[in-house]
Amino acid sequence: MHLLGPWLLLLVLEYLAFCDSSKWAFEHPETLYAWEGACVWIPCTYRALDGDLESFILFHNPEYNKNTSKFDGTRLYESTKDGKVPSEQKRVQFLGDKKKNCTLSIHPVHVNDSGQLGLRMESKTEKWMERIHLNVSERPFPPHIQLPPEIQESQEVTLTCLLNFSCYGYPIQLQWLLEGVPMRQAAVTSTSLTIKSVFTRSELKFSPQWSHHGKIVTCQLQDADGKFLSNDTVQLNVKHTPKLEIKVTPSDAIVREGDSVTMTCEVSSSNPMYTTVSWLKDGTSLKKQNTLTLNLSEVTKDQSGKYYCQVSNDVGPERSAEVFLQVQYAPEPSTVQILHSPAVEGSEVEFLCMSLANPLPTNYTWYHNGKEMQGRTEEKVHIPKILPWHAGTYSCVAENILGTGQRGPGAELDVQYPPKKVTTVIQNPTPIREGDTVTLSCNYNSSNPSVTRYEWKAHGTWEEPSLGVLKIQNIGWDNTTIACAACNNWCSWASPVALNVQYAPRDVRVRKIKPLSEIHSGNSVSLQCDFSSSHPKEVQFFWEKNGRLLGKESQLNFDSISPEDAGSYSCWVNNSIGQTASKAWTLEVLYAPRRLRVSMSPGDQVMEGKSATLTCESDANPPVSHYTWFDWNNQSLPYHSQKLRLEPVKVQHSGAYWCQGTNSVGKGRSPLSTLNVYYSPETIGRRVAVGLGSCLAILILAICGLKLQRRWKRTQSQQGLQENSSGQSFFVRNKKVRRAPLSEGPHSLGCYNPMMEDGISYTTLRFPETNIPRTGDAETSEMQSPPPDCDDTVTYSVLHKRQMGDYENVIPDFSEDEGIHYSELIQFGVGERPQAQENVDYVILKH
C-alpha cells in the first residue's frame with residue numbers, strides 16, 4: 001500500500017499536467033532538415049482556446065522533471081510578459097504572435113542543434129509542450145532524383161529533383177547535368193515553406209533519344225554563388241527499338257550477272273534485346289531469310305533492287321537503311337517512245353530510246369524508215385518543228401560497256417496537218433448580175449486526216465447541195481467576196497474570191513449642198529443627187545419636180561430661190577443594169593408674209609348694230625405668228641389675232657382698214673379695204689327730224705338777215721347822224737385755214753348727212769334807258785333823243801359755214817371752221833334815261 005502511494009501521486013500530477021491537452025492544437029512539419037551553417041525555418045500554427053499566449057519557451061531536447069513538475073533542457077528562446085529577449089538568443093527568432101502563429105527561425109543552425117525542439121506554451125490557465133524533430137548534418141545532404149517508371153525514346157518525360165530543405169535566409173539552386181554537361185532544357189524550380197512540408201524542387205521536361213540510354217543524369221545542389229554543395233545521379237534506362245546497319249560485300253553493291261553478294265545486318269543497340277529478324281527487297285519480304293546475314297549466289301539482273309533488314313524487340317520493329325544492289329548487264333532490245341503522237345505540223349516532237357541496261361547505255365543509233373539518222377547518238381531525239389515529211393517509222397539501238405543491244409520494232413510517227421492549197425472556184429460564167437444564181441466549189445490538194453466538212457463565208461441566204469459545193473440564189477448586190485475552208489481537225493481558208501456582182505445604183509438620195517441652214521426666198525440653192533455605189537460606175541442623172549422633168553445633171557441649182565420653187569423633188573440614177581429613184585425630197589422655202597389682203601364678212605356694206613368680221617389673209621412660210629391691225633389713220637388697233645371682230649358695228653367704224661403679218665422671216669402688209677356702215681331706219685328717222693328743224697332755223701335766220709340788211713341801209717343813209725353818235729357797225733370774217741388731208745391717208749368716207757348745214761349764233765346787247773349824258777358825247781339837240789324807229793340794242797351774230805361733203809362720223813383734222821362774224825353797236829344821243837342796271841342776253845341756236 002505504501003508502495004502504490006508515490007506512483008499514484010505521479011499519475012495524478014501527470015494527469016493534471018496533460019488533462020487539458022485537447023484544448024491545444026498545433027500544425028507544423030514533423031521533421032526539419034538542415035546542415036551546418038545553414039538556417040531552419042519552422043512554419044507553425046497553434047490554437048489556445050482559453051485566451052492569448054502569455055509565455056513561450058523554446059527548449060532543445062526538453063525533459064520533464066517530475067520533482068519540479070517542470071521541463072528541463074537548453075533554452076534556445078524565451079519570451080516573457082514584458083517581451084524582452086536575452087542577447088544570447090539572437091540567432092533564434094520567434095516570428096509568431098499570441099493568437100495562432102508560432103513560426104520560428106534559427107540562423108545559423110549547428111550540428112548540435114539536432115534533436116528535439118520543445119515549444120513550451122503557457123496561457124493564463126493552460127500549458128502545453130509541442131515537440132519538433134530537427135536533423136542538422138555536418139555537410140549539405142544530397143537532393144533526390146525521381147524518374148518515371150519507364151522511359152521510351154522520343155517520348156517526353158519529367159525528371160524531378162527534390163531537396164527537403166528551404167529557408168528564406170539561405171538561398172540555394174538546383175542544376176541538371178547530362179554526362180557532366182549542363183542540359184539545354186530549361187528547368188522549373190519551386191519551393192515550399194508550409195506547415196505541411198518544407199522542400200525545394202526542380203522539374204525538367206526531357207525527350208530522350210535511344211542514344212541517351214545508359215547516360216548519367218545529375219542534379220547538383222549549389223549555393224547562391226554557384227558553389228557545389230551536393231548532388232544526386234541516376235543512369236537513364238531508355239527503351240528503344242533495335243538500331244541497325246547493313247554491311248555489303250562487295251562494299252559498293254555493284255556486281256555483274258553470276259556474281260555472289262553477302263549482306264550483314266548489324267544491331268548496334270537494342271533495349272530490350274531483339275527477338276526477330278527479316279529481310280526485304282523493294283518492300284517485299286524474302287522468304288526463309290531470318291538471320292542477320294543474307295547470302296545471294298549467282299545473282300541475276302532481276303535481283304537488282306533495294307534491300308534492307310528489319311529487327312524487332314518488345315518496343316517495336318526497326319528498319320535499316322536501304323542498300324541498292326546493282327546487277328550489271330548488256331542492253332536489251334530497245335523500243336522507241338514518241339512524246340506527243342500523233343504530232344501536229346509545226347509542233348515539237350521528242351523521241352526516247354528505251355533499253356534496259358546496267359550500266360546505262362552510253363551510245364545510241366537512230367533509224368528513220370530503216371535509214372540511219374546521221375549525227376543522232378543521244379538517248380533522245382528532239383525535232384523543234386515537225387513537218388509532214390517527218391512522218392514514218394523510228395527505231396534505235398543502245399550500247400554500253402558490256403555490249404550492244406538489238407534494234408526493236410520501232411514506232412510510227414503520224415504527222416497531222418490542215419488541208420493544203422485550198423481554193424474557191426466560181427462555176428458560173430461571168431459577169432454576175434444582182435439576182436442571179438451562183439454556184440461555187442471548194443477544192444484542196446492534200447489533208448491529214450481527211451477533210452470532213454467545209455465552211456463558207458458568204459452573205460445572204462445560201463445552201464450546200466453537196467459537200468464542198470455552195471449555191472446562192474438571188475445573189476445580193478453586196479455579196480462582194482466569198483471564201484471557203486476545208487476542215488479536218490483544223491480548217492484551212494482559201495483566199496476570198498471576188499464575185500464582182502453588177503447592180504443598179506444604190507441608196508439614191510437628194511442632198512442639199514447649200515445653204516447649210518434654212519432656205520429663205522432669194523437664196524442660192526444647190527441640190528445634189530447622191531448614191532452610195534454603182535457597178536458599173538458609169539451613170540446618168542435625171543431630176544423631177546412633181547413628175548415634171550427638170551434636168552440631167554448631178555446637181556440642181558437655183559440662183560435665187562422663190563416660193564414657187566418649193567415642192568417635191570426626186571432624182572433618178574441609172575446605169576447599164578437598171579435605174580434607181582430617190583425618195584421624194586421636199587424643198588421648203590421660207591419667206592416673209594406676202595399677198596396680204598383683208599376680207600370682210602358678211603361684206604364691205606354692213607348696217608350699224610350688226611357684226612362684222614375682218615380676216616387678214618396671207619401667204620407665208622412659216623405661217624404668220626403675229627398680226628397687227630391698223631385703221632385709216634394708220635393707228636394701231638389693240639387686236640393681234642388673224643380676225644378682227646366688230647360687234648356691234650357702228651357708223652363710226654366706217655373707214656379703211658389694213659393689216660400687217662409677221663413671221664420669223666419678216667413682215668408684210670395688206671392694201672386698204674373699206675368698210676361702209678350705213679344707218680339703220682331708226683337712225684335715219686331721227687336725222688330727218690333734225691334736218692327739218694335745221695331748215696326752219698335757216699328760214700328764220702334768212703328773215704332776220706333781211707331785217708338786218710334793211711337796218712344797215714338805213715344806217716348808211718343816216719351816216720351824218722351816226723358820225724355824231726357812238727354807234728358802230730362792222731363785219732368780221734374769220735377765215736380759218738383748212739389743211740388738205742394727206743395724200744397717203746385714207747379718203748374721208750362715210751354716210752352723208754344733209755341736215756348738218758350752216759349754223760348761226762346770235763347775241764343781243766341791250767343798254768338801259770338813262771337821261772344822264774355821257775362824257776365826250778356831242779351835245780347837239782338833234783341827238784338828244786333817239787329816232788323813233790331806232791332801238792338802243794347791239795346785235796352780234798356769227799354764221800358758221802359747214803364744210804360741204806363731210807360726213808358726220810368722220811372727225812376733221814382741224815376743228816376750226818370758216819365763219820362770218822357780224823356785229824352792230826348803236827347808242828343814241830344824250831338824254832335822260834331811267835336808272836337801270838345794264839344786262840346782256842346771250843342766245844345760241846344750234847342745229
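The backbone N, Cα and C atoms fix where each Cβ goes, and this holds for glycine too.
According to Swiss-Prot, the feature disulfide bond maps to CYS161-CYS219 (among others). Sequence-distant neighbours of CYS219 (disulfide bond) (same chain, six or more apart, CB under 8 Å from its CB) are PRO143, ILE145, LEU159, CYS161, LEU174, GLN175, TRP176, LEU177, SER202, ASN231, ASP232, THR233, listed in sequence order.
The secondary structure of CYS265 (disulfide bond), as reduced to three states from DSSP, is extended strand. Over all protein chains present, the Cβ of CYS265 (disulfide bond) has 22 other Cβ atoms lying within 10 Å. The feature disulfide bond is assigned by Swiss-Prot to CYS265-CYS309 (among others).
Classification of CYS353 (disulfide bond) by DSSP places it within a strand. Every protein chain considered, the tally of other Cβ atoms within 10 Å of the Cβ of CYS353 (disulfide bond) stands at 26. Here Swiss-Prot flags CYS353-CYS396 (among others) as disulfide bond, drawing on sequence analysis.
Annotation source Swiss-Prot lists disulfide bond at CYS442-CYS484 (among others). Classification of CYS442 (disulfide bond) by DSSP places it within a strand.
If you take the C-beta of CYS571 (disulfide bond) and look for same-chain residues 6 or more apart in sequence within under 8 angstroms, you find VAL508, VAL510, CYS529, PHE541, PHE542, TRP543, GLU544, LEU556, ALA581, SER582. The disulfide bond annotation in Swiss-Prot covers CYS529-CYS571 (among others), and the record cites sequence analysis as its basis.
Annotation comment: Swiss-Prot describes CYS616-CYS659 (among others) as disulfide bond. The Cβ of CYS659 (disulfide bond) lies under 8 Å from the Cβ of LEU596, VAL598, LEU614, CYS616, TYR627, THR628, TRP629, PHE630, LEU644, ARG669, SER670, each of these being in the same chain and 6 or more residues away along the sequence.
Positions annotated as domain 'Ig-like C2-type 3' by Swiss-Prot, on the basis of sequence analysis: 331-416. Confidence annotation: the domain 'Ig-like C2-type 3' (331-416) carries a mean pLDDT of 92 in the model.
What Swiss-Prot records for 505-582 is domain 'Ig-like C2-type 5', and it gives sequence analysis as the kind of evidence. DSSP assignment over the domain 'Ig-like C2-type 5' (505-582) gives 3 helix, 43 strand, 32 coil.
As annotated by Swiss-Prot, phosphoserine applies to SER725 (among others).
Under the heading phosphoserine, Swiss-Prot lists SER726 (among others).
What Swiss-Prot records for SER729 (among others) is phosphoserine, and it gives similarity to another entry as the kind of evidence.
The annotation motif 'ITIM motif 1' is assigned in Swiss-Prot to 760-765 on the grounds of similarity to another entry.
Look at Swiss-Prot and you will find 820-825 tagged as motif 'ITIM motif 3'.
Residues or ranges marked as topological domain 'Extracellular' by Swiss-Prot on the basis of a curator's inference: 20-687.
Annotated topological domain 'Cytoplasmic' per Swiss-Prot: 709-847, in sequence order.
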Using DSSP, tally how many residues of the domain 'Ig-like C2-type 3' (331-416) sit in helix, strand and coil.
3 helix, 42 strand, 41 coil
Tell me which of the disulfide-bonded residues CYS353, CYS396, CYS442, CYS484 ends up closest to CYS309 (disulfide bond) in space, Cα to Cα.
CYS353
Neighbourhood of CYS396 (disulfide bond) by C-beta distance under 8 A, where only residues 6 or more apart in the same chain count:
SER334, VAL336, PHE351, CYS353, SER355, TYR364, THR365, TRP366, TYR367, ARG407, GLY408
Relative to the Cβ position of CYS161 (disulfide bond), how many further Cβ atoms are located within 10 Å?
27
